[in-house]
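Visitor: From TrEMBL, for reference:
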- 1-28: signal peptide (SIGNAL)
- 75-413: domain 'Peptidase A1' (DOMAIN)
- D93: active site (ACT_SITE)
- D289: active site (ACT_SITE)
- 558-582: transmembrane segment (TRANSMEM)
Amino acid sequence: MTCHYYLSFCAILSILLVPHSVFIFAASDPLPTTIHLPLSTPNVSLHRRTADYRGQSNLPKAQMPLYEDVFGGYFAVRLSVGTPPQEFSLLVDTASTVTYVPRWGCEQCGNHQDRKFQPGLSNTFRNMSCNPSCNCDNERKLCVYERHYAEQSSSSGILAEDVISFGNGSEFAPQRVVFGCADRETGDLRSQRADGIIGLGAGLLSIVDQLVDKAVISNSFSLCYAGMDLVGGEMVLGGISPPQDMIFSHSDPSRSPYYNIDLKGIRVAGKPLKLNPKIFDGGHGTVIDSGTTFAYFPEEVFHAFKDAVIKETQYLKQIPGPDPSYNDVCFIGAGREVSELSRIFPSVDLVFGNGQKFTLSPENYLFRHTKVNGAYCLGIFSNGNDATTFLGGIIGLNTLVTYDRENNKIGFWKTNCSELSKRLPSSSVPSPPSVVLPTGDFRIGIITLEMLISVKNLSIKPNLTETVMFIAHELEVHNSQFQVHVLNSTLSGDNYLVRWAIFPAESSDYISYHTAMDIILRLREHRVLLPDRLGSYQLIEWNVEPQRTKNWWQRHRVGVGVSILIAVILFFILLGISLWCIRRRRRQTLGAYDGAVVSNPKRLWHYYLRVLA
């Protein structure tokens, strides 16, 4: 469950109720396997250490793209449920134990990016009948679940069993698992784009536990998040051979219901913070959770850490944060290049109980200021009165984190997560091509898309403009911030080749990197469904062009136009006043002249000159 940016402490821990249901799953394959899932089609413009990674080449893997990024709130994977498969976007969460999707007909569920799950369309769907091992509905017919999260959101519905597949790259057959079909969502769950949650936590209903019980995978999984400004990374379900220089910490499963490490101290620029090591054992201890964006320290630890970082960056000017409602610690003067942050901000060491230390890069505790270019803010906050030390997704940027549940330890290895798949053992199924977009100061001015649209009935020519507008609406880009135009279309065989473009509206000026990436990925992964009268589509080609530099007239034409309009209005107002004054003076002076003056043209001309004077 995602804990979004700037939530209060009650939104920090994605706490699920301990499941009461107990199920026994039959083993279907005596040989444990490994599922390898890339977290998206990454941008690889940043370069980090490139040491070779040696995994277990004898274990098969399955690859599938994940998308979003830690600062967008979460990483998500696309899984298929049912036969034939129905695809869903599921938030990756190590603090959750239940995997769920919203069920068709759920009026109290949010409007997410995919259609809700339709059990009636799946040939392999089966409800979990009421039994002594589960919580039952009021009619004592079906097993139900209800999960409440600390940020006051919740999910509830029935428990069911169906086939879940892990993408086309899976080297083993889809597996039957128990999951939730939500009939009700509250809080942030209703508003998030992801359809549901894939639970990686420790519990009988967890996807990991179910696959381990079936002997499909070994008792381990790993996450590797792409760095700042990038989208992607890797997720590995199953055991891997750890790199030789991976740093491990003991993880005590009896310590708390969440994954934890044995943290004993923190060093900033090599200098230890003056803290009692026991402070990291308070509450639930030091918890690792992929479903939360930032890190949260106990009050005393936070202030010690903040003061140490400020001391090491005295030459940087501090500025207010992006949201005045929060007292963020932000710095300006470090530049925009993430690769240069290590020369400016200090390194931070996490010291474990076994004496080993894992070094965090600045991108593991900083985030970009959303309103000031070249400014960064601390991504570590106070946990208030709670004694738990909480490490969210920011700690895992460009870090392979291995949850070795078999040996009760968690490992950390600094690497370039965008390129991790190249060093993992190759799969028999090639990974999809990467989507690479420029980052940094690059601003996107136009997205050009070329699509092949199939039509069920060629005798009826479709309204391609209407079709493109429908796609744009499904992509959530057909609104006041964007303009959508069909550039041209041609008939190619039995299909229409349509070239169209997305422009920023005048008020928006440019398209953000994350918006462009989301549009391209959703089209490439066929996450937009066309109306029934049309067949399908295929994204043939896409291109992004930078924001064009406007000349003086383009930048100031509105102001110039307003100025001209005001000048014209003032001119006519002054002209009207002048004419009124002329008529009035004429009436006042007309009595001083006889009719002869008026009848004489020469004298009449002198008369008007006198009036105007």
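In case you wondered, yes, glycine gets a Cβ from its N, Cα and C as well.
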Visitor: CB neighbours of D289 (active site) within 10 A?
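Guide: If we count other Cβ atoms within 10 Å of D289 (active site), we arrive at 26.
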Visitor: When you measure from the Cβ of D93 (active site), how many other Cβ atoms are you left with inside 10 Å?
Guide: 27
Visitor: Between D289 (active site) and D93 (active site), what is the CA-CA distance rounded to a whole number of Å?
Guide: 7
Visitor: For the domain 'Peptidase A1' (75-413), what's the mean pLDDT in this predicted model?
Guide: 90
